[in-house]
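Visitor: Annotations for this protein, taken from Swiss-Prot, read as follows:
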type	residues	note
BINDING	Glu469, Asn528, Glu560, Asp590	Mg(2+) 1 binding site
BINDING	Asp590, Asp591, Glu647	Mg(2+) 2 binding site
DOMAIN	6-199	domain 'MHYT'
DOMAIN	434-685	domain 'EAL'
TOPO_DOM	235-685	topological domain 'Cytoplasmic'
TRANSMEM	9-29	transmembrane segment
TRANSMEM	44-64	transmembrane segment
TRANSMEM	77-97	transmembrane segment
TRANSMEM	117-137	transmembrane segment
TRANSMEM	141-161	transmembrane segment
TRANSMEM	175-195	transmembrane segment
TRANSMEM	214-234	transmembrane segment
Amino acid sequence: MLISSYNQVLVAFSLIVAILASYTALDMAGRVTLAKGREALSWLIGGAFAMGFGIWSMHFVGMLAFSLPIPLGYDLGLTLLSLLLAVGSSAFALWLVCQAELPWQRLALGALLMGSGIAAMHYTGMAALLMMPGIVYDPLWLGLSILIAVIASGAALWIAFRLRHGSRRIVLVRAGAALVMGCAIVGMHYTGMAAAQFPLGSFCGAAGRGIDNGWLAVLVIVITLAVIAIALIVSVLDSRLEARTSVLATSLARANRELIQLALHDNLTKLPNRMLLDDRLEQAIQQAIRDDRRFAVLFMDLDGFKAVNDAYGHHLGDLLLIEVAERIRANVRAQDTIARLGGDEFVLLIEAREPADAATLAEKLVKRISQPYQISRHEVRISASIGIALYPGDGQTRHELMINADAAMYHAKDQGRNGYCFFESSMNANAQEQLQLLHDLRQALERRQLVLHYQPKVLAPNGPMIGVEALLRWEHPQHGLITPGQFLPLAEKTGLIVQIGEWVLDEACRQMRLWLDGGHADWNIAVNLSALQFAHAGLVDSVRNALLRHSLEPSHLILEVTESTAMRDADASLVILEQLSAMGVGISIDDFGTGYSSLLYLKRLPASELKIDRGFINELAHDSDDAAIVSAIVALGRTLNLKIVAEGVETEAQQEFLTRLGCNSLQGFLLGRPMPAEQLLASVA
């Protein structure tokens, strides 16, 4: 037999080529797995060529390392056939590992086919020598080489399948796996070479007319380095592009989540908004139908929030809403839905097997929300009115439940606020009436349906008249003359009272100017300020503008503020009243005796008169307690140098008693009913 030898440098180079080819194959397997459609096919074809060229190159580098004492060459046709076998086996391997699953039966069949393909590539490449006589193969070494090829292929397929998805340490893991696979491929090659025996006298039929060793060396090295380098460079560039795409996708996903959050949640409190609440309500209805469940809708409105907002500004109002939302969250279960509809309206969707479940929660919320808030160094107090609608008794649809819960909430407000109320069918009619009345009220200002009537104020006991109180009336086209008690509460609920109050102030100043021009220089006019109007940030400017607009001296205008309104936030009230007083406007504390005034604050208030509440006047002749209270109020007013006005005087006995106590002026039906301006002038002519 001819004695063969190996170039150790080329043997080492063949191992390096095998490892690089293995790493390229593993990387390509990952690319094919991540890609889809035509992109996946492109990676599969490119990966098959890169891996096939790598294995083929390793084989022929190993052949270059092999030498015999005779000239050697390689048949071009068989050499190309061996290359095709290597590429085909690689394509099959990549396709196999990119499947969703790789059961052991498929793995075994794939290992057998791929191992056979690699072995066929090897022995076809050996056949390209065209040895005469033919190469003699040792059966044991031949079988061992094929077995190694099959086992190595199985290991390569399993490793590639396991590493097809990326991880943080994927480069190191693939490098280790490529080392194992490269050693296995090289082991198969050199085991196959060990099986080959060349008889003495043999010669290479391809020498001189095939590819000689020199050209083969150049061809193999150039092709090997070019293909593997191109494959790895493309893979690295794609990996970077993929990383950037992944970052972009992550950013887009985060932005999408934020957009969904903004679309479905209130930006201030982070609670679900109306859109998400509607969806939750629909789901609750479907689940209730399916599972025969019951649930409740609680419609909550904050009492006094607008006054806080106007008095302290929107920033503090926003902080208050956030705190209210936190208090609600702390008192409900995780599975319950809390939504903010806007402004100071909240809706709760809760599971309620019995009405008592909803009542218990409503009572707890009313108590919790009415507790004081410490916000930006201010102590703020509000309350909550809650309406409750139960499914299915109070509504079968989302719209019905919301409408009925809202109607129950307004009923709770009508009952005194700071409480809750279950929906009753009778509320619907009232709700419709209130809605229509509100619609008409919004148009009343535009259509000049609001008018002022004037009630005389006279010096005790019988006059003369020293002024009037302006009282609002609504001349409704269908319902006739409507008194303030019927529509002002609705105006306060909706905030329309501020706009109405500004109109009253302007109209009163206009009328007072006409009376002054008519020679009644000793008259003044009193205008009531609602709680919302008093707390409104533009009140002082509104008063100043009305006076300037009608060229009215401030001393002819008296602003009446109820005791409870003035004392709601005494420090803030003091600032407002001092600004009005500095302007020259008279200040009257209305309904005095019904609130909770501190004598210290009362002394500091720049008021010019106290107005005794009519509730104390009604029972003067029969109730000694009321008489004692009125006597005390008169004495207090004298001590503070305030004028005392008694309203609601309807009998001569009341007139005489109040005069005897020392009231400065009187007002009531006995002395004159509220009347239009023309009628008032006629009565004093």
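Including glycine, each Cβ sits where the backbone N, Cα and C put it.
Quick one: how deep are these features, and who are their neighbours?
Guide: DSSP classifies Asp590 (Mg(2+) 1 binding site) as strand under the three-state reduction. Annotation for Asp590 (Mg(2+) 1 binding site): same-chain Cβ neighbours under 8 Å, separated by at least 6 residues, are Asn528, Glu560, Val561, Thr562, Glu563, Lys611, Asp613.
Within its own chain, Glu647 (Mg(2+) 2 binding site) has Glu469, Lys611, Ile612, Asp613, Arg614, Ile617, Gln667, Gly668 as residues 6 or more apart in sequence whose C-beta sits under 8 angstroms from its own.
Computed over the topological domain 'Cytoplasmic' (235-685), the whole-number mean pLDDT of the model equals 85.
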Visitor: Find, among the binding-site residues listed as Glu469, Glu560, Asp591, the one whose Cβ has the highest number of other Cβ atoms within 10 Å in the structure shown.
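Guide: The largest 10 Å Cβ neighbour count belongs to Glu469.
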Visitor: Within this structure, do the transmembrane segment (175-195) and the transmembrane segment (77-97) have 3 or more Cβ pairs under 8 angstroms, counting pairs 6 or more apart in sequence?
Guide: no
Visitor: Within 8 Å of the Cβ centre of Asp590, Asp591, Glu647, which other residues of the chain have their Cβ, at the recorded Mg(2+) 2 site?
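Guide: What remains near the Cβ centre is Glu560, Thr562, Ser588, Phe592, Lys611, Ile612, Asp613, Arg614.
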Visitor: Excluding Glu469, Asn528, Glu560, Asp590 themselves, which residues in that chain have a Cβ inside 8 Å of the centre of the Cβ atoms defining the Mg(2+) 1 site?
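Guide: Result: Ala526, Val527, Leu529, Ile558, Leu559, Val561, Thr562, Ser588, Lys611.
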Visitor: Return the count of C-beta atoms lying within 10 angstroms of the C-beta of Asn528 (Mg(2+) 1 binding site), excluding that atom itself.
Guide: 22
